[in-house]
Amino acid sequence: MSFIDPYQHIIVEHHYSHKFTVVVLRATKVTKGTFGDMLDTPDPYVELFISSTPDSRKRTRHFNNDINPVWNETFEFILDPNQENILEITLMDANYVMDETLGTTTFPISSMKVGEKKQVPFIFNQVTEMILEMSLEVCSSPDLRFSMALCDQEKAFRQQRKENIKENMKKLLGPKNSEGLHSTRDVPVVAILGSGGGFRAMVGFSGVMKALYESGILDCATYIAGLSGSTWYMSTLYSHPDFPEKGPEEINKELMKNVSHNPLLLLTPQKIKRYVESLWRKKSSGQPVTFTDIFGMLIGETLIHNRMNTTLSSLKEKVNTGQCPLPLFTCLHVKPDVSELMFADWVEFSPFEIGMAKYGTFMAPDLFGSKFFMGTVVKKYEENPLHFLMGVWGSAFSILFNRVLGVSGSQSKGSTMEEELENITAKHIVSNDSSDSDDESQGPKGTEHEEAEREYQNDNQASWVQRMLMALVSDSALFNTREGRAGKVHNFMLGLNLNTSYPMSPLRDFTMQESLDEDELDAAVADPDEFEQIYEPLDVKSKKIHVVDSGLTFNLPYPLILRPQRGVDLIISFDFSARPSDSSPPFKELLLAEKWAKMNKLPFPKIDPYVFDREGLKECYVFKPKNPDVEKDCPTIIHFVLANINFRKYKAPGVPRETNEEKEIADFDIFDDPESPFSTFNFQYPNQAFKRLHDLMYFNTLNNIDVIKNAIVESIEYRRQNPSRCSVSLSSVEARRFFNKEFLSKPTA
């Protein structure tokens, strides 16, 4: 049964760009002047330049010794119609050393009307005539999707997944507990969340996923969302050719073998040369390269070394029939001069789309990193491999890469890696350099002759590769500074008009109109300035943006799951975040997520941190809406923490440990162990350490399966009592109309 999606009727404001097409047809009587023609016959080509647009400089091929060349070459420019756009046309003569300018003229594009197409002659040096054919049209089909709604692919996935989940829940819960599942509308949306925490999070999440897979809970989940270390496990699992036919158990054995090696083995001269040459190809194509690219390669070589060409788009085959939960990954967009706790835009990644819900702006995964202007691709690159994204999602570790490898002795005494990571701010990792400019707008007119250009490029490549090799194998500034370590990509929102950002819950803003406790919002969880600037927009004039590890703001990927469009009923979160000790309260990240949700007017159950004082440390805690009749959209949260409690006594739920060996293997601390085998920055896990952490989280999850099942049963009943959940109602339509009127009546900047 289909229903109306109210979010698809909310208009995300954007201006259309113009596409200006130039066909360089021909020229006659090309001359270098009387004296010049006596010495040499021209080798002409044409260069086109529009300073107001990215990818602004284009050129034709050149013809040797031809004074009447016929090029018939077509070029396209994407223009902002609100700017003054001038086409600069330069006739060039190709030479071996340096090309010569034969003449330059300009054409005001504003003199053309939309829909007009005409041929225009241009005269150079009173003799040469060049004919260009030009046309101007509106780009009515941008490459970005502007919408508050989920994409059609995700909607189709959800429908298919619900059909599967309906049968899976009946099997999991039995006839009595699943009698409320009459149709797919009764199926609750269950999401699984994994936190950051380096390899500790990855290994712990591997045990969790094994338990969820074997217990049948995974078959009942619609989403699985990860951050930093958890995304590495998700990437490993979903990119594996045998998943889901082969379960996590076999894949986890491969993972244990892969992480048992010293990461320094990845830095052999032969491997480094291969990494750097690959990065050179990326850099020379016009894409930014940072240390995060290198870190992504190292993570990829460790975890998915036999599938380094895998892309995010290719993971669609794992979910195209709803056979697996949809994986969601995340990073942050940050500003160079603002703490990420104050300002950060959450970027979400799925096999279907990448984008920022805050701006209602999304793109196909293969376009991430391409050069955009006003929502249209002006230069497309190959899709970034999955390992590059893995480096971005966990880029906090590239920031302190010297600590990861243990190659620097410069760290301050008494400083733990966790403490050092907590002190990182955006200004430490984002270089405010001048490389934001485009090469084509900076370079002089003309280029060297092709042979000279190749020679120059080869020399430049050799020099760049040599510098990178020296930086990686020596104790250089690259290891000892943090600036420039953040991931960097072309700004896909360049040139858009952002008069305002959009609320994460647009319909809720106007239908609920509930009063928020200002004292609650002002209370600091980790920092007095946390989330102070989260309503501010991205800089649409910056040609590149910095993307970093989401754990630098808070370490749980709740923003992906709390989007009201996803209508999640039950969230099962697993927090592997570092704590001062095993006995420390485990709610810091969850409290930050709660505050973020309230500031964005998103429903979130009240997190009572004093439950720790009353009940002590437990394997999991359940948080429900206090007034379910009023908080109809509020999810239930089952929050698992990293704690070794019952695992010390039981080798399986209800099965006591008996032998000394069984007791000894389970007698360990996570954060109080002085040798820190589970440190956030430990990137080598011996088999015993892997098995301990993996088996601990496997046990903790299975030990609380009944808690999860009971929550699913309650969610089914909750759905049955609230059939209008996430579907349209009269109040929603009115809210949508009010929303459009409120936000679209504002004057443009």
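Quick reminder: no glycine exception, Cβ is built from N, Cα and C everywhere.
Among the candidates N65, N68, the one that Swiss-Prot lists alongside D40, T41, D43 as binding Ca(2+) 1 is N65.
For D549 (active site, proton acceptor), the same-chain residues that are 6 or more apart in sequence and have a Cβ closer than 8 Å to its Cβ are G196, L227, S228, C331, L332, V392, W393, G394, S395, A396, F397.
Candidate recorded positions: S228, T268. Fewest other C-beta atoms within 10 angstroms, T268. In this structure, the CA atom of K541 (SUMO2 cross-link) is 41 Å away from the CA atom of T268 (phosphothreonine). You'll find the Cα of T268 (phosphothreonine) roughly 51 Å from the Cα of K606 (SUMO2 cross-link). Taking the recorded sites K541, K606 in turn and counting surrounding C-beta atoms within 10 angstroms, the largest count is reached at K606. In the three-state DSSP classification, K541 (SUMO2 cross-link) falls within coil. The DSSP breakdown of the domain 'C2' (6-122) into helical (H, G, I), extended (E, B) and coil residues amounts to 13 helix, 54 strand, 50 coil.
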